[in-house]
Amino acid sequence: KHSLPDLPYDYGALEPHINAQIMQLHHSKHHAAYVNNLNVTEEKYQEALAKGDVTAQIALQPALKFNGGGHINHSIFWTNLSPNGGGEPKGELLEAIKRDFGSFDKFKEKLTATSVGVQGSGWGWLGFNKERGHLQIAACPNQDPLQGTTGLIPLLGIDVWEHAYYLQYKNVRPDYLKAIWNVINWENVTERYMACKK
């Protein structure tokens, strides 16, 4: 069974950039719901497999993708953030960003624009294309997980569902994007990058 991961910091730790009320609801209610619904869906899926009921298996696919994706995405998201975050990455990750996007500022602009431009709910991602050995920016709708839908390995995800920012930034998604760069945990993103290069 899947369980809700603990946050590596307090709900109020990312203030003033993301307030405690948002973090508490986002983690203890939204992410928890994905975990619970994923467990229920997997149980039903196992039953359908045991019965050889292919129709039921197919009918459960959207719930599996939505709740499984929600759990995968948020588990990455919490570690991508830190009260000691912000600034720029160092070392190999920074070199790769410069190589693939021209400069850190251009990368930031591109990921911001991609995330702001998501229609409705979804995510903006920095991913690693293992075949090409390059970094890539992508957007995924709803809770579609990056790797499961594009093959890119997720390094940095920006949640642009309204529940991630509305209580603080209302409908002004660009202000939320501007703020989130102050709490990006580049150490975590770098660890993910180094791991997929092995």
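All residue numbers here begin at 1 and follow the chain in the order shown.
Using N, Cα and C of the backbone, Cβ positions are placed for all residues, glycine too.
Now, the feature entries from Swiss-Prot:
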BINDING   His26, His74, Asp159, His163  Mn(2+) binding site
MOD_RES   Tyr34  3'-nitrotyrosine
MOD_RES   Lys44  N6-acetyllysine
MOD_RES   Lys44  N6-succinyllysine
MOD_RES   Lys51  N6-acetyllysine
MOD_RES   Lys51  N6-succinyllysine
MOD_RES   Lys90  N6-acetyllysine
MOD_RES   Lys98  N6-acetyllysine
MOD_RES   Lys98  N6-succinyllysine
MOD_RES   Lys106  N6-succinyllysine
MOD_RES   Lys106  N6-acetyllysine
MOD_RES   Lys178  N6-acetyllysine
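By a simple count of nearby Cβ atoms, those within 10 Å, the most crowded of the recorded positions His74, Lys90, His163, Lys178 is His74. Cβ neighbour count within 10 Å across all protein chains ranks Lys44 highest among the modified residues Lys44, Lys98. Between the CA atoms of Lys51 (N6-acetyllysine) and His26 (Mn(2+) binding site) there is a gap of 36 Å, rounded to the nearest whole number. Ranked by how many other Cβ atoms sit within 10 Å of their Cβ, the recorded positions His26, Tyr34, Lys51, Asp159 place Lys51 at the bottom. Lys90 (N6-acetyllysine) carries neither a helix nor a strand DSSP state and counts as coil. Cα of Lys90 (N6-acetyllysine) to Cα of Lys178 (N6-acetyllysine): a distance of 21 Å. Put simply, Tyr34 is the one of the recorded positions Tyr34, His74, Lys98, Asp159, Lys178 whose Cα lies nearest to the Cα of Lys44 (N6-acetyllysine).
Counted within 10 Å of its Cβ, the other Cβ atoms near Lys106 (N6-succinyllysine) come to 13, all protein chains included. Considering only the modified residues Tyr34, Lys106, Lys178, His163 (Mn(2+) binding site) has Tyr34 as its nearest partner by CA-CA distance.
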